[in-house]
Amino acid sequence: MQDAITAILNRYDLTGRYLDKAAVTQLESFFSSGLDRIKIAEIINNQATNILKEASAQLYEEQPELLRPGGNSYTTRRYAACLRDIEYYLRYTSYALIAGNTNILDQRVLNGLKDTYNSLSVPLAPTVRSIQLLQEIIEEELELQSITRKDIVQEPFQHLINALSEQDL
């Protein structure tokens, strides 16, 4: 896993350059958002169960066919696997959020996920929708707590959504 600082330093080290104004600006942005990153991670940590419960309830309300015979969440085992996966998305996005870098999402979530889901005939659209719901629920909570830095939340969630939505992975 890389954080934003390591990514910047590695990029400049590979080219043998000192940090320029662009690098310093990126570092300043990361450090200035640090307190908000911690607050958002605390919200996710403290409310993970409720966030997961609300996201799954909304998903199954919107797409009840997932719970019917033949649906990908039909049977207790499949339902539990779906909830487990939604929890993984939430947990790993919280790590990426703190790190200010989506590298961990590529390493631990995306590499092989799409192929695995396709081989098991797990539809990607409900997966993408569950990630969107997680993002929306967290953003609503940020509004309630007067935290305005939604971009911090959007970056890791949108990274997952965009990667899983691509046609040519």
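A Cβ is built for glycine as well, from the same backbone N, Cα and C atoms used for every other residue.
Taken from Swiss-Prot, the feature (2R,3E)-phycocyanobilin binding site applies to C82. Spatially close to C82 ((2R,3E)-phycocyanobilin binding site) yet at least six residues away along the chain are S56, L66, N72, S73, S130, judged by Cβ distances under 8 angstroms. C82 ((2R,3E)-phycocyanobilin binding site) falls within a helical segment according to DSSP.
As annotated by Swiss-Prot, N4-methylasparagine applies to N72, with the evidence given as similarity to another entry. DSSP assigns N72 (N4-methylasparagine) to coil, not to a helix or a strand.
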